[in-house]
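Working notes for the structure below.
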């Protein structure tokens with residue numbers, strides 16, 4: 001056996017081990033990111049919308065600080081409605097298309113996938129229509145969101 005082959009096997013094993021500790025993102029989150037990218041101004045990234053205001057990001061409480069934060073508040077409530085219908089919005093994938101900053105959901109009306117797609121579509125379009133106020137990124141939620 002060629003000694004170089006002996007070096008390749010451990011490298012492959014190490015790369016698989018390293019990859020296994022990276023937490024996977026749900027397909028739904030990836031799709032939601034793609035929807036956001038479709039609707040927001042080019043100078044912004046989808047990541048700028050995480051940890052914004054009181055509701056954009058994980059959890060939420062208090063009163064939304066602005067129109068953009070209200071988009072996240074409505075999105076959170078929409079996901080809550082999906083869960084009441086025994087639909088897991090965090091894991092459910094769906095079919096959609098982006099064309100010229102417009103989003104189309106293709107799953108059957110009334111299905112779990114369509115419900116989640118409509119939640120994400122509404123939020124992404126709302127993001128695109130709302131002003132981004134830099135001072136609302138990473139705000140002190142204990143102070144502003146009670």
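Going from the start of the chain as shown, residues are counted 1 onward.
Yeah, the Cβs are placed from backbone N, Cα and C, and that goes for glycine too.
What Swiss-Prot records for 75 (among others) is active site. Non-local neighbourhood of residue 75 (active site): 55, 119, 120, 122, 123, 126, each in the same chain, at least six residues away, with C-beta under 8 Å from its C-beta.
Sequence annotations record features per position, and here Swiss-Prot assigns active site to 120 (among others). In the three-state DSSP scheme, residue 120 (active site) is classed as helix.
The feature Ca(2+) binding site is assigned by Swiss-Prot to 55, 57, 59, 76, with similarity to another entry given as support. Annotation for residue 59 (Ca(2+) binding site): no same-chain Cβ neighbours under 8 Å separated by at least 6 residues are found.
DSSP assigns residue 145 (disulfide bond) to coil, not to a helix or a strand. Under the heading disulfide bond, Swiss-Prot lists 54-145 (among others), citing similarity to another entry as support.
Look at Swiss-Prot and you will find 56-72 (among others) tagged as disulfide bond. Around residue 72 (disulfide bond), a 10 Å sphere centred on its CB holds 23 further CB atoms from the protein chains shown.
In the three-state DSSP assignment, the secondary structure recorded for residue 71 (disulfide bond) is helix. As annotated by Swiss-Prot, disulfide bond applies to 71-126 (among others), with the evidence given as similarity to another entry.
Sequence-distant contacts of residue 78 (disulfide bond), defined as residues of its own chain at least six apart whose C-beta falls under 8 angstroms from its C-beta, comprise 89, 118, 119, 122, 123. Look at Swiss-Prot and you will find 78-119 (among others) tagged as disulfide bond.
Taking all protein chains in view, 17 other C-beta atoms sit within 10 angstroms of the C-beta of residue 112 (disulfide bond). Positions annotated as disulfide bond by Swiss-Prot, on the basis of similarity to another entry: 87-112 (among others).
Look at Swiss-Prot and you will find 105-117 (among others) tagged as disulfide bond, backed by similarity to another entry. In sequence order, 31, 94, 95, 96, 105, 106, 107 constitute the residues six or more apart from residue 117 (disulfide bond) in its chain with CB-CB distances below 8 Å.
Residues annotated as signal peptide in Swiss-Prot: 1-19.
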> DSSP three-state call for residue 126 (disulfide bond): helix, strand or coil?
Replying inline: helix
>> I'm trying to understand the geometry here, so how far is the Cα atom of residue 56 (disulfide bond) from the Cα atom of residue 87 (disulfide bond), in Å to the nearest whole number?
In response: 21
